[in-house]
Amino acid sequence: MASPLRSLMLLLAVLAVAWAGTSRPPPRLLGAPQEADASEEGVQRALDFAVSEYNKGSNDAYHSRAIQVVRARKQLVAGINYYLDVEMGRTTCTKSQTNLTNCPFHDQPHLMRKALCSFQIYSVPWKGTHTLTKSSCKNA
């Protein structure tokens, strides 16, 4: 009788250890950056602002626009910090043109230019303000 009880206790101990070792997602820390959907309205506004600032700061004759958002994160602070990793591409639209929405990317090798950029945008939605707090790009 003691042997089956001992076996049952051993089995329960093994199961308890196995259950304790299973991976669980770590608890989310309040105020820590979290992943965001690139199609989210706030992310899109932050992206548009960052691209606009990128083009203002560029001495290129052509506008650039986002090819894709590689990663988007957001952090709730006294507003919202958006952290965006973006692949940028040079378009055929010159700086004198204002509408970038339909600007195709250059396809001629000597005019093509791509960059990987990291933008940090501080947004206060209830005030309607955006600030580009950090920006770094490297040729892709």
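A Cβ is built for glycine as well, from the same backbone N, Cα and C atoms used for every other residue.
Feature annotations, reproduced from Swiss-Prot:
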| type | residues | note |
| --- | --- | --- |
| DISULFID | C93-C103 | disulfide bond |
| DISULFID | C117-C137 | disulfide bond |
| CARBOHYD | N99 | N-linked glycosylation site |
| MOTIF | 75-79 | motif 'Secondary area of contact' |
| SIGNAL | 1-20 | signal peptide |
| SITE | G31 | site 'Reactive site' |
Self-check item: Those recorded positions, out of G31, C93, C117, C137, that come within 10 angstroms of N99 (N-linked glycosylation site) at the Cα
Solution: C93
Quiz item: Secondary structure at N99 (N-linked glycosylation site) (DSSP, helix/strand/coil)?
Solution: coil
Quiz item: Cβ distance under 8 Å to C103 (disulfide bond), same chain, sequence separation 6 or more: which residues?
Solution: H63, R65, T91, T92, C93, Q97
Exercise. Could you state the whole-number distance in Å separating the C-alpha atoms of C137 (disulfide bond) and G31 (site 'Reactive site')?
Key: 26
Practice problem: Calculate the per-residue pLDDT averaged over the motif 'Secondary area of contact' (75-79) and state the result as an integer. | Solution: 95
Self-check item: Distance from G31 (site 'Reactive site') back to C117 (disulfide bond), taken between C-alpha atoms, in Å
Solution: 24
Quiz item: Which of C93, C137 (the disulfide-bonded residues) has the most other Cβ atoms within 10 Å?
Solution: C93
